[in-house]
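Quick notes on the structure that follows.
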Amino acid sequence: MSIITDVYAREVLDSRGNPTLEVEVYTESGAFGRGMVPSGASTGEHEAVELRDGDKSRYLGLGTQKAVDNVNNIIAEAIIGYDVRDQQAIDRAMITLDGTPNKGKLGANAILGVSIAVARAAADYLEVPLYTYLGGFNTKVLPTPMMNIINGGSHSDAPIAFQEFMIMPVGAPTFKEGLRWGAEVFHALKKILKERGLVTAVGDEGGFAPKFEGTEDGVETILKAIEAAGYEAGENGIMIGFDCASSEFYDKERKVYDYTKFEGEGAAVRTSAEQVDYLEELVNKYPIITIEDGMDENDWDGWKVLTERLGKRVQLVGDDFFVTNTEYLARGIKENAANSILIKVNQIGTLTETFEAIEMAKEAGYTAVVSHRSGETEDSTIADIAVATNAGQIKTGSLSRTDRIAKYNQLLRIEDQLGEVAQYKGIKSFYNLKK
């Protein structure tokens, strides 16, 4: 009765109006699952391949019909007849069917859509929530959210190199309260921006994208918003995080961090050592708890220096650096580079490999942050993954745009369903830092 009888993919649109995949999996029992695939703007060069058509006459070359066809004509034939509950076997079968190290033949977007849909169909068959199916009876930790309230870099037209300025309600007693704190700061920030005559339009991930005078202007404005909303900045209240997305402004030929790419003439151009110094200055000055991709994805020496300098005080998250891949994570652990991994399901392409990366991180004492992409959909699977794995942290955008709010609302539902069992760790989510 739990046997897969049909698999069907279609092309749909993501939050940026670009094509992506939606996959449906059907079983003999009538149990059904649907998965939608996100897409990134700033992508690591080692990520699994997102298959696009390249036909400029259709969706500016970004169509996904090839990936759709791969699901409907190749993957479907291979997995029809499998028990939908056998997630690992199905994921491994698709990896083998693709046969490339980066899923470049069938497309990670094709494979991931199926992987998510299979898991949802299995949960439907067993009549349990997705987070319970994926995580079992020990599922209980609601993630501390990283809320991206200011967008810069490749996510907006704001003249700031850092891609994301985030707030984290680490002092909140529950996820529900943490979400309220974040929403109130978001609205306080909007009011402050209006009073300064700055634009309150939002970027890809729902954060504001004003023309600040620089990084510190952005941080100072966030601190004012935290105060205006009635909260304190720090471990008992709300802390700040960056996604530097440094690979987006790293000049490989000159081996420098060229801030002029986003901030214009006169902006800083920093060596690897100077980049570390700059980040340390910011940490010394402001209540910063997490920095993502502070160094370029291939600047391993820079990462090691950054970790040596700040790794006991600040969460140093590898996104482009690790691309949710156990091979790169294992090297980072061995060489003491970073102390946390960002988990993006489409960087690696299957739920099985995603869970393996989270498990490896935890075993090494690294934290794991489950994350969205800048091109999102209404699919809320990552909310369930964050709870299923007790990851403790989630990064899923600002307090606007339904594609972001869908994940927060799902977490509110899960917190209600878990009842007294639910735990919100807040500052304790950063278990590998000396506080």
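Note that the numbers count up from 1, one per residue, in the order the chain is shown.
From the backbone N, Cα and C atoms, a Cβ is placed for every residue, glycine too.
Remember, it's a predicted structure, so these values are computed and weren't measured experimentally.
Pulled from Swiss-Prot, these are the features on record:
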BINDING   Gln163, Lys344, Arg373, Ser374, Lys395  (2R)-2-phosphoglycerate binding site
ACT_SITE  Glu205  active site, proton donor
BINDING   Asp243, Glu292, Asp319  Mg(2+) binding site
ACT_SITE  Lys344  active site, proton acceptor
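Cα spacing between Asp319 (Mg(2+) binding site) and Lys395 ((2R)-2-phosphoglycerate binding site): 12 Å, rounded to the nearest whole number.
For the recorded positions Glu205, Asp243, the largest tally of other C-beta atoms within 10 A is found at Glu205.
Using the Cβ center of Asp243, Glu292, Asp319 for Mg(2+), the list of other same-chain residues with Cβ within 8 Å runs, in sequence order, Gln163, Glu164, Phe242, Cys244, Ala245, Ile291, Asp293, Val317, Asp320, Leu342, Lys395.
Comparing the binding-site residues Gln163, Ser374 on other C-beta atoms within 10 angstroms of each C-beta gives the minimum for Ser374. All protein chains shown were included, and the count of other CB atoms within 10 Å of the CB of Lys344 ((2R)-2-phosphoglycerate binding site) stands at 26. Distance between Cα atoms for Lys395 ((2R)-2-phosphoglycerate binding site) and Glu292 (Mg(2+) binding site): 11 Å, as a whole number.
Of all Cβ atoms in the shown protein chains, 28 besides its own fall within 10 Å of the Cβ of Arg373 ((2R)-2-phosphoglycerate binding site). Proximity to Asp243 (Mg(2+) binding site), defined by a C-alpha to C-alpha distance within 10 angstroms, is shown by none of the recorded positions Glu205, Lys344, Arg373. Counting Cβ atoms from all protein chains shown, Lys395 ((2R)-2-phosphoglycerate binding site) has 29 others lying within 10 Å of its own Cβ. Mapped onto three states, the DSSP output places Glu292 (Mg(2+) binding site) in strand.
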